[in-house]
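Novice: One structure, pasted below without further comment.
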Amino acid sequence: MIASIDTSLIDWSRAQFALTAMYHWLFVPLTLGLGVIQAIMETIYYKTGNEFWKKTAQFWMKLFGINFAIGVATGLILEFEFGTNWSNYSWFVGDIFGAPLAIEGILAFFMEATFIAVMFFGWDKVSKRFHLASTWLTIIGATLSALWILIANAWMQYPVGMHFNPDTVRNEMFDFWAVALSPVAINKFFHTVLSGWIVGAVFVMGVSSWYLLKKRETEFSLESIKVGAIFGLVASILIVWTGDGSAYQVAQKQPMKLAAMEGLYEGGNGTGLVAIGLLNPDKTSYKDNVNPFIFDIKIPKLLSFLAERDVDAYVPGIVNLIEGGYTTNKGTVALSAAEKIEKGRIAIQALADYRKAVKDKDQVAAEQARSLLDENFAYFGYGYIKDPADLVPHVGLTFYSFRVMVLLGGYFILLFIVALIWSKKNKFADARWLQWASLWTIPLAYIAGQAGWIVAEVGRQPWAIQDILPTGASVSKLATSSVQTTFFVFLFLFTVLLIAEIGIMVKAIKKGPSVN
């Protein structure tokens with residue numbers, strides 16, 4: 001792996017991957033959420049035989065299909081970028097990272113591809129039961145796709161179930177179930193899927209509210225809003241639980257990310273959580289003495305509780321994590337960043353010594369180098385870090401993105417509750433303010449999802465794989481100009497696809513559920 005790659009190449013490669021991932025995530029959550037809602041509506045049709053629900057399910061299914069097609073296109077490009085832009089990463093952990101992606105392609109994607117045809121073209125051609133099963137199997141397949149991709153992503157945040165083979169210079173999987181069932185993977189899956197359910201619920205409510213504002217499709221809209229609001233409220237309540245689990249996992253596995261999420265530079269016992277705060281732009285380094293906040297309002301001891309399930313527990317800040325020396329809640333003394341960097345460099349040198357000894361057929365030297373490598377491999381990635389300051393992610397982006405996500409999550413709960421109350425009182429059709437609120441919440445749901453991914457991915461920098469491989473050592477050795485060119489090509493293509501989807505969807509929505 002190359003430790004001296006041009007930083008502009010790293011930045012452009014990161015930008016291209018971020019561009020692709022964020023565009024892809026514009027389509028995935030609606031697939032996950034709207035797919036379940038349409039399946040629920042078809043289930044109601046199957047149980048009642050009421051043709052109204054058949055027509056309703058078919059309409060939402062049409063919008064689902066438009067979104068699904070574009071999502072697949074962006075997802076394929078995203079997977080190819082691992083090989084083109086991140087070849088060092090692909091070589092170093094391809095044995096592990098590739099397994100979930102292979103399962104996703106072979107099992108989940110083919111499951112979707114098989115049953116989606118029956119779902120769209122099987123109306124009145126197959127039995128109602130088989131069609132309903134096909135609808136559910138399509139969305140189950142889409143959800144399984146998300147599962148395996150999120151397992152791969154979670155492994156990057158919390159690498160388990162593998163060992164390093166110095167002969168091939170690759171990490172190899174030895175415990176598949178440790179990877180698939182890691183606590184980070186399980187929590188990430190549920191949290192991410194629930195966020196998609198919320199997007200689907202908000203989308204259904206927003207589109208239905210547009211019809212009410214236009215005084216069209218009243219019965220269709222009101223019934224769709226009821227289903228969307230109930231579904232969205234359940235998802236919003238559950239996501240609070242998974243969000244709590246996410247905070248706990250981050251505190252245990254990625255404490256620097258937690259510190260960035262909170263703008264916490266100096267840790268302590270009984271640490272409060274910042275409810276509202278404005279970061280000080282003059283704070284440019286963890287080493288300066290500038291106050292990190294212009295102002296902040298904290299909820300006393302809440303961060304300690306979220307991080308350790310103990311209101312008086314110690315939570316380290318950025319300075320503490322860099323300088324080390326504090327006693328962790330597990331009773332161990334934390335190493336400083338400088339000590340970790342030194343251990344990482346020892347591991348890298350031991351790897352080189354081992355390979356040379358093997359080549360020279362010096363078994364004693366090989367065993368000594370291998371022992372030294374194994375002893376320090378947990379800090380292997382730190383050997384590529386030049387300055388401890390590089391271990392600090394972008395605090396401002398992580399801090400504000402986290403608060404945008406949480407604030408909007410609270411707003412969604414309120415919106416769903418109000419929508420259900422007004423629906424029960426038969427007042428939703430006349431509440432234009434609520435209809436407008438539902439309509440304009442559609443983009444907010446997408447913003448919340450994007451903010452969540454920014455927290456997850458920006459907050460873990462500089463790591464491609466936590467503690468094992470930094471982003472800078474993961475990139476392919478390409479000409480920076482070629483990455484810049486493809487960045488703008490992808491930007492253009494993805495924007496065209498997005499505009500096309502919005503245009504096709506708007507056209508379908510304007511036609512309404514009466515036109516199949």
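Quick reminder: no glycine exception, Cβ is built from N, Cα and C everywhere.
Given the structure is predicted, the values throughout are model-derived calculations rather than measurements.
Per TrEMBL, the features are:
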TRANSMEM  22-47  transmembrane segment
TRANSMEM  59-78  transmembrane segment
TRANSMEM  98-123  transmembrane segment
TRANSMEM  135-156  transmembrane segment
TRANSMEM  189-213  transmembrane segment
TRANSMEM  225-243  transmembrane segment
TRANSMEM  400-422  transmembrane segment
TRANSMEM  434-456  transmembrane segment
TRANSMEM  487-506  transmembrane segment
Novice: With Cβ-Cβ distances below 8 Å as the criterion, list the same-chain residues six or more beyond the ends of the transmembrane segment (189-213) that contact it, or say none.
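Specialist: That would be 28-37, 60, 63, 143, 146-147, 150-151, 154, 220-222, 224-225, 227-229, 231-232, 235-236, 238-239, 242-243, 245-246, 412, 415-416, 419, 428-429, 432, 434-436, 438-442, 444-446, 448-449, 452, 509, 512.
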Novice: Take the transmembrane segment (98-123) and find every residue of the same chain, 6 or more past its ends, with a Cβ under 8 Å from one of its Cβ atoms.
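Specialist: Beyond its ends, the transmembrane segment (98-123) has Cβ neighbours at 58, 61, 65, 68, 79, 90, 130-131, 134-135, 137-138, 140-142, 144-145, 147-149, 151-152, 155, 173, 176, 179-180.
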Novice: What stretch of 22-47, 59-78, 225-243, 434-456 shows the most Cβ pairs under 8 Å to the transmembrane segment (487-506)?
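Specialist: Per the Cβ count, the answer is 59-78.
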Novice: Are there residues at least six beyond either end of the transmembrane segment (225-243) with Cβ under 8 Å to its Cβ atoms? List them, or say none.
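Specialist: The answer is 33, 36-37, 40-41, 187, 190-191, 194-195, 197-198, 200-205, 208-209, 406, 409, 412-413, 415-417, 419-420, 423, 428, 438.
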